[in-house]
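Trainee: As listed in Swiss-Prot for this protein:
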SIGNAL    1-22  signal peptide
REPEAT    50-55  repeat '1-1'
REGION    50-106  region '3 X 6 AA approximate repeats'
DOMAIN    68-259  domain 'BURP'
REPEAT    83-88  repeat '1-2'
REPEAT    101-106  repeat '1-3'
REPEAT    166-183  repeat '2-1'
REGION    166-222  region '2 X approximate repeats'
REPEAT    202-222  repeat '2-2'
CARBOHYD  Asn259  N-linked glycosylation site
Amino acid sequence: MEFAHLTVLSLFCLAFVGITATSPREDYWQSIWPNTPLPKTFSDMLIPSGKTNSLPIKSEELKQYSTLFFEHDLHPRKNFILGNTNSVGSIIRPFTKSRQGVTDSIWLANKEKQSLEDFCYSPTAIAEHKHCVSSLKSMIDQVISHFGSTKIKAISSNFAPYQDQYVVEDVKKVGDNAVMCHRLNFEKVVFNCHQVRDTTAYVVSLVASDGTKTKALTVCHHDTRGMNPELLYEALEVTLGTVPVCHFIGNKAAAWVPNHTADNLCVM
């Protein structure tokens, strides 16, 4: 199955906050990409910042991170119900089995149960390169260093709140081997930026059961040998390394890819 690459007109880029730079992170963003406002998704990913008993990924958002499916399911009129694995947290970190006391649910774990050090300094999975960063500036620097250019763009999901039934309207390919940056579910602002080889990112246009139109950033893994075998079998009844497996990316994350267009709004 072939998917059209995103065109300038159809490209789904992050929503922007149309405000003048008034904070250090906004000033830094403007220094890299002048006249391009800080995207709203990044503002949302930075909230809350150190607030007591306040985590960035709310309970109603968990199903955004707990849906596995096959690549051939990405076609118009396909129905999806979010959440097809009992291990809700595992889909956030689906690449490795539990080891050395570090569980797959680390991204959704309470900080008293797991520490950031457990996650950030744990061994990488097969074909994975990862870095933990503690600010938007560090994320930008890391991604620019990775691609060797500021001509890049970021793409995110905008799942509708309290909706878990969707129908696919359209599928657009974003690119291969994107760098994903996820907000970890701790009060302290920390992002996990990682790239897994042999992956393809898509933007999937969805219509919720109440008629709301949304976009879902989606990643398909063509090499699943580094994924959690129990998770794969639980959700899809397949074994490692047999077929491509995909999952949605929730609202508190972004994919960075090279920008080959001339559309300034997407040069971020």
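Using N, Cα and C of the backbone, Cβ positions are placed for all residues, glycine too.
Structural setting of the listed features?
Mentor: Across the repeat '1-1' (50-55), mean pLDDT in this model comes to 60.
Sequence-distant contacts of the repeat '2-1' (166-183), counting only residues of its own chain at least 6 positions beyond either end whose CB sits under 8 Å from a CB of the stretch, comprise 3-6, 10-12, 45, 56-57, 74-82, 92, 107, 133, 139, 143, 146-147, 155, 189-209, 213-214, 216-217, 219, 249, 252-258.
Counting residues 6+ beyond its ends, the repeat '2-2' (202-222) has Cβ neighbours under 8 Å at 3, 6, 12, 71, 74, 80, 155-160, 163, 165-174, 178, 180, 196, 244-249, 253-255 in the same chain.
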Trainee: Please list, for the repeat '2-2' (202-222), how many residues fall into helix, strand and coil according to DSSP.
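Mentor: Helix, strand and coil residues of the repeat '2-2' (202-222) number 0 helix, 16 strand, 5 coil.
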